[in-house]
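Q: Have a look at this one before I ask anything.
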Amino acid sequence: MDRAMAADEIARLRKEIERHNYLYYVEAEPVISDYEFDRLLEQLIALERLHPDLVTPDSPSLRVGGQITRSFPSVRHREPMLSLSNTYSMEEVADFYRRVRRLLLDEGIGEQEMVAELKFDGVAVSLIYRNGLLVQGATRGDGVQGDDITVNLRTISSIPLRLETSASETLSGSDREIEVRGEVFMPKEDFDRLNEGRPEEDRFANPRNATAGTLKLQDSAEVARRRMTFVAYFLKGIGDQHMPHFDRLKLLGKLGFFTGDHYRLCPELHDIERFIGEWSEKRWKLPYETDGVVLKLNAVWLWERLGATSKSPRWAIAYKYPAQQAITELLGVVFQVGRLGTITPVAELRPVKLAGSTVSRSTLHNFDEIERLGVRVHDRVVVEKSGEVIPKIIRVAEDSGSLFSVPIVVPERCPSCDTPLTRPENEVSWYCPNEEGCPAQIRGRMLHYASRNAMDIQSLGIALVDQLVGRGLVKDPGDLYSLQLPQLEPLERMGTKSSINLVRAIEESRTKSYDRLLYALGIRHVGQATARELAGAYPYFASLHEAGEQELAEVPDIGPVVARSIIDFFSKPWVQAMLDKLEQAGLPMRAGKEKEQVNNNFEGQSVIFTGGLERHVRQEAEEMVRERGGRIVSSVSKKTSLVVAGKEAGSKLERALKLGVRVIGEDEFEAML
């Protein structure tokens with residue numbers, strides 16, 4: 001095929017692929033299978049590899065990802081991206097409606113309509129299109145400036161790389177540069193798929209956290225694999241300044257954007273109340289998370305006249321649905337065994353509908369929590385779900401009073417290996433001491449070792465680990481590196497191809513960094529931050545292994561408790577046997593070349609995060625501090641340089657204020673990056 005023919009075929013494939021993207025992500029009416037779509041994309045990628053000069057910025061092949069981004073530069077928004085005022089009260093919604101009408105009447109303007117839209121629980125972004133082509137995508141940041149994440153946003157199939165030609169031609173000549181604002185979110189099914197197979201401690205709490213963390217990943221190929229969606233909720237920069245907001249939403253749909261479709265023009269207050277009431281239940285049937293309703297004045301040309309406070313506009317408000325609760329019966333309690341031997345009680349509930357799904361289980365955390373709640377088997381309990389995947393029991397129902405309720409008894413023996421349980425002094429949890437032989441602990445250690453933040457062996461999921469442990473093929477992570485195809489192929493859902501993929505993934509884990517190996521070992525109290533401190537203080541594994549307790553305790557962020565835990569870990573014969581296997585397998589036993597530093601904005605500073613961050617996943621924010629020369633610590637002292645306080649910050653914030661340690665919010669933290 002000559003160049004001219006290739007150019008024609010590339011153009012045809014691009015048009016066809018984008019048409020199917022639109023039908024799938026915007027219209028929700030696919031006409032071909034995923035396999036057929038993948039074949040079209042493969043054909044395009046193959047042709048572009050043969051003719052790299054024909055690759056353009058709007059090619060659908062860019063959605064596959066693969067680019068590694070060292071950092072995300074800051075960009076200033078054309079106009080501030082203000083957050084909306086929130087309310088959980090219908091009375092405050094009515095007050096907002098009347099206040100806007102009164103302000104307009106004072107200006108001599110008659111009654112105006114409102115637009116009600118579903119509030120998507122995601123991450124706000126801004127997209128800039130120049131001459132119909134996507135040129136920039138940025139996070140909201142502090143509202144004034146955000147991070148340029150264009151390379152990651154290009155992987156989202158519901159974001160047009162080029163605006164739909166037929167609709168874009170209706171824009172005037174002055175519309176050469178427009179801005180589209182909206183929300184990136186992760187559909188429920190894709191979120192469940194992302195969490196599936198991850199160990200408990202490595203799972204995302206909710207789709208919003210997963211989205212925020214994914215958008216800041218440096219590997220765009222991984223971003224593409226996680227399948228997020230974009231919903232557009234405002235169009236700025238068009239020539240017709242008097243185009244109502246409702247009409248702008250319609251135009252966004254014609255330009256190729258998903259707009260959610262569930263929005264309504266509301267002339268009167270009762271129309272708003274009806275919309276909110278309708279969607280309080282209907283929202284659970286949607287394939288994505290919505291947590292409220294946004295109300296905006298339809299007359300966009302009046303927004304500037306109404307103005308804004310320092311934080312939010314006066315022409316819009318967000319009504320948020322309250323946390324969902326249900327009352328059901330506690331049927332029983334099962335006891336799970338974690339990788340460190342911790343016994344966790346889990347409530348088995350009479351199935352009840354809650355937040356759009358059937359709930360039959362809830363964590364009880366520990367036995368002190370059971371005592372605090374005063375809960376017994378066969379009690380009627382109040383279960384709440386608010387943004388998290390796992391619901392929680394918040395209290396015993398007032399009308400419980402069952403004559404048949406019985407106390408929850410602490411088990412005497414491990415439910416996995418039947419070893420007598422122990423409870424260390426000053427701890428709330430019970431433990432199984434059979435570390436080497438308990439199947440549940442072995443399973444947990446294997447999953448932790450293979451998890452994303454450890455050795456990242458993606459082919460090693462829960463079902464496969466259960467088979468490997470159950471058949472005695474592995475007793476610790478060191479056994480992974482001696483697995484052979486004949487051992488793997490007979491396993492359920494494996495076969496030759498899957499077995500080869502697993503062996504390849506295990507081989508690739510040998511190249512992971514020394515600090516990740518230290519974290520993957522699963523030493524009690526040694527998280528990712530502590531593993532990095534240890535790797536920095538002891539760049540050779542042999543020196544760490546030989547270090548004394550007092551010496552370890554003097555390492556920053558270690559202290560006597562962690563030091564004792566490290567010494568105890570290395571003193572166990574089964575641990576030594578595992579380490580010998582890992583060393584023989586060629587795992588990194590010393591630190592490699594240090595990661596390149598982005599800048600020195602946190603040079604020499606010890607930083608701690610407390611509370612929930614709105615725009616970052618905690619581990620991603622901590623990594624940003626390290627990339628800029630800072631050090632993450634786990635407790636507040638007079639030596640702490642900076643405390644970044646998010647929502648519902650607790651005792652660490654109080655201690656910082658008492659000690660006079662500098663405290664900043666998420667906005668100021670982003671500005672420091």
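Counting begins at 1 with the first residue displayed.
From the backbone N, Cα and C atoms, a Cβ is placed for every residue, glycine too.
Residues or ranges marked as active site, N6-AMP-lysine intermediate in Swiss-Prot (evidence: sequence analysis): Lys119. The NAD(+) binding site annotation in Swiss-Prot covers Asp34, Tyr35, Glu36, Phe37, Asp38, Ser83, Leu84, Glu117, Arg140, Glu183, Lys296, Lys320 and is backed by sequence analysis. Residues annotated as Zn(2+) binding site in Swiss-Prot: Cys414, Cys417, Cys432, Cys438. Feature annotation from Swiss-Prot assigns domain 'BRCT' to 597-673; the stated evidence is sequence analysis.
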Q: Which residues, sitting 6 or more apart from Cys414 (Zn(2+) binding site) on the same chain, put a CB under 8 Å from its CB?
A: Val337, Gly341, Ile343, Pro420, Leu421, Cys432, Asn434, Cys438, Ala440
Q: Given the binding-site residues Leu84, Cys417, Cys432, Cys438, which one is most crowded in terms of C-beta atoms within 10 angstroms?
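A: Comparing the binding-site residues Leu84, Cys417, Cys432, Cys438, the most crowded Cβ belongs to Cys432.
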Q: Using DSSP, what's the helix, strand and coil tally for the domain 'BRCT' (597-673)?
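A: Taking each residue of the domain 'BRCT' (597-673) in turn, the totals are 26 helix, 15 strand, 36 coil.
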Q: May I have the list of same-chain residues other than Cys414, Cys417, Cys432, Cys438 whose Cβ is within 8 Å of the Cβ centroid of the recorded Zn(2+) site, in sequence order?
A: Val337, Gly341, Pro415, Ser416, Asp418, Thr419, Pro433, Asn434, Gly437, Pro439, Ala440, Gln441
Q: Mean pLDDT across the domain 'BRCT' (597-673), rounded to an integer, is what?
A: 82
Q: Nearest to Cys417 (Zn(2+) binding site) in three-dimensional space, by Cα, is which of the binding-site residues Glu36, Asp38, Leu84, Arg140, Lys296?
A: Asp38
Q: By the DSSP assignment reduced to helix, strand and coil, which category contains Asp38 (NAD(+) binding site)?
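A: Helix, per DSSP.
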Q: Write out the long-range same-chain contacts of Glu36 (NAD(+) binding site), meaning residues 6 or more apart in sequence whose Cβ is under 8 Å from its Cβ.
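A: Glu36 (NAD(+) binding site) has no long-range Cβ partners.
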Q: Determine, from DSSP, whether Cys438 (Zn(2+) binding site) sits in helix, strand or coil.
A: coil
Q: Measuring Cα to Cα, how many Å separate Lys119 (active site, N6-AMP-lysine intermediate) from Asp38 (NAD(+) binding site)?
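A: On Cα coordinates alone, these residues lie 32 Å apart.
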Q: As a test of the contact definition, list every same-chain residue at least 6 positions from Lys296 (NAD(+) binding site) whose Cβ is closer than 8 Å to its Cβ.
A: Met114, Val115, Glu117, His245, Trp315, Ala316
